[in-house]
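Data block below; observations after.
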Amino acid sequence: MGAVDCHCHLAAPEFQRDIESVLEDAKKKNEPATLRRGFVRQNQHWNNSKVLALVVVAEHSGDFTKIIQLSERYPGFVFACLGIHPVQSIPAGCERSVILKDLEEAFPLIELYKDHLLAIGEIGLDFTPRFASSDEQKEGQRQVLMKQIQLAKQLDLPLNVHSRSAGRPTINLLKEQGAEKVLLHAFDGKPSVAMEGVKAGYFFSIPPSITRSEQKQKLVKQLPLESICLETDSPALGPEKQVRNEPKNIFIAAEYIAEIKGISVEEVLDVTTQNSLKVFPKLKNFLRK
């Protein structure tokens, strides 16, 4: 038994110096989390669990080769997703809303690496005012997302989706475009909006930051376990602010979900792993129950 980290950023600069040790730590059998006192575990069997797979997403084309190289160095453990994020940081430190030119530059590389891909991602919408304050910027993001949805259809690949401050518009656009296999990562919208995604058959991945996020806690209460996956979003969204998050922290998210749902961690790990196989069918070739 173990966990699938459905969304992490291992090509990030924060991992440049020690990525090998980070991956080796993820492979080790889990040591029970100790960040929350007073939590009585309902089933101890999961303590020997480990991370089964890491789904590594891109933000821009500069990530692509690094991610493919990681997937080749760790076959059957690191799985590549390539796509263009709605917020671009090129040049470095200058964050802006994505434009079609960003995607046009990325398409040849996605075509080159298409046989290596588990999914297209990280893609989506981000209507945070500092990134998308104008209708023109929002429409630009929509156009980029629509083209990537169509690309995923052509390649028969799922979508790994970002939707910060744009939960309802993202879900609506996904449905309008006929997207079927969809993971919405770290969804920050209302539970009622998330349930529209559940009705469409979409999955929602929960990061370790649930320990400090009332919004994520409310979301998990509402979502059926059958629609939940696990993620870390490493190096972001860890259990502690301003501390680098790592894939090994996936079990903190599982623990907290179990606590909220009043079920065993073992059940959370089992069901979320099966959910990851549903949203990412290629994982079935590598993971066995």
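Just so you know, glycine gets a Cβ as well, placed from its N, Cα and C.
Bear in mind that TrEMBL entries carry predicted annotations, made automatically and left uncurated.
Noted in TrEMBL for the protein shown:
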{"type": "BINDING", "residues": "His7, His9, Glu122, Asp233", "note": "divalent metal cation 1 binding site"}
{"type": "BINDING", "residues": "His162, His185", "note": "divalent metal cation 2 binding site"}
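Everything TrEMBL records as a feature, shown here on the structure.
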{"residue": "His7", "record": "divalent metal cation 1 binding site", "contacts (Cβ under 8 Å, 6+ apart)": "Val55, Val57, Gly121, Glu122, Asn160, Leu183, His185, Ala186, Ser205, Pro207, Glu231, Thr232, Asp233"}
{"residue": "His9", "record": "divalent metal cation 1 binding site", "contacts (Cβ under 8 Å, 6+ apart)": "Val56, Val57, Glu59, Asp63, Asp233, Ser234, Pro235, Ala236"}
{"residue": "His162", "record": "divalent metal cation 2 binding site", "contacts (Cβ under 8 Å, 6+ apart)": "His85, Pro86, Glu122, Ile123, Gly124, Leu125, Asp126, Thr170, His185, Ala186"}
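Cβ proximity to the divalent metal cation 1 site centre (mean Cβ of His7, His9, Glu122, Asp233, cutoff 8 Å) flags the following additional same-chain residues: Cys8, Val57, Gly121, Asn160, His162, His185, Ala186, Glu231, Ser234, Ala236. Secondary structure at His7 (divalent metal cation 1 binding site), taken from DSSP and collapsed to helix, strand or coil, is strand. Cβ packing within 10 Å was compared across the binding-site residues Glu122, Asp233, and the lowest neighbour count falls to Asp233. According to DSSP, His185 (divalent metal cation 2 binding site) sits within a strand segment.
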